[in-house]
Amino acid sequence: MDDETQRAALRLQERAEKAEQSTQGVESTLTPHYRLSLADQKKQSSLSTAAKIGVFVAIVFDMIVPYGMGRAWALSKTGQVIRIFQHIDPRGWAVVAWLSVTLLCACLGRAMSATRRAGWLWLAYANFFVVQLLAGVGLLKWNFWYSTWVVYDESSVFADAIDLGLMASLFGLVVFAVVFVLLLVMVKRDSPLNILLQGWMAFTLFLLVEMAMLIVMLFGGISIFANL
């Protein structure tokens, strides 16, 4: 009986050693990324100080430079800007302005949810440049129609259309944000309306709100403010 007990104990010890060896083999095949703790992974994935400064400078550049360029063109090369305006109908310029802001919001939204964010962030950066350039050319502010009339005179309808397109898309974003927050607060998890808060359905809701603002702007806003 003692011999059988010893042999059973030896077999158990051998199995334990084999299990330990196999575990060590698996650990050795793991990449260093998987062996790091969560805190270490966050440290590695976070931007360095130089990178953060670079991102900040790039954002400030995109906020100031294109707007300044557009405004300078509007004030110093008004005739050339008007000739460029005249190639497209005012409603076309309104759609271009609306589309630039809508694409900017869409790219930022995808960057927040996608695993690979770099491409979407670059697209958002490029769209923001276009938005600021159009805002500068249109002399965008709350009472923009006074400034555009002083600078562009009878051709101010084009700049007014650009400003209305930009503001329509921004107003659509505000409306969508309010609706989305209300749905988050009021809709229960088991409600059929909860699908509107998920992924592509939320994006579709955003586009529907933006399209509604575009229609109102094209067939109402431009006719009122730009006297089309």
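Keep in mind that glycine also has a Cβ here, set from the backbone N, Cα and C atoms.
The structure displayed is predicted, hence computed values, not measured ones.
Taken from TrEMBL, the feature transmembrane segment covers 50-70, 90-108, 120-144, 164-187, 199-226.
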Answer key: the stretch among 50-70, 90-108, 164-187 with most Cβ pairs under 8 A to the transmembrane segment (120-144) is 50-70
Long-range CB partners for the transmembrane segment (50-70) (under 8 A, at least six residues beyond its ends), listed in sequence order, are 125, 128-130, 132-138
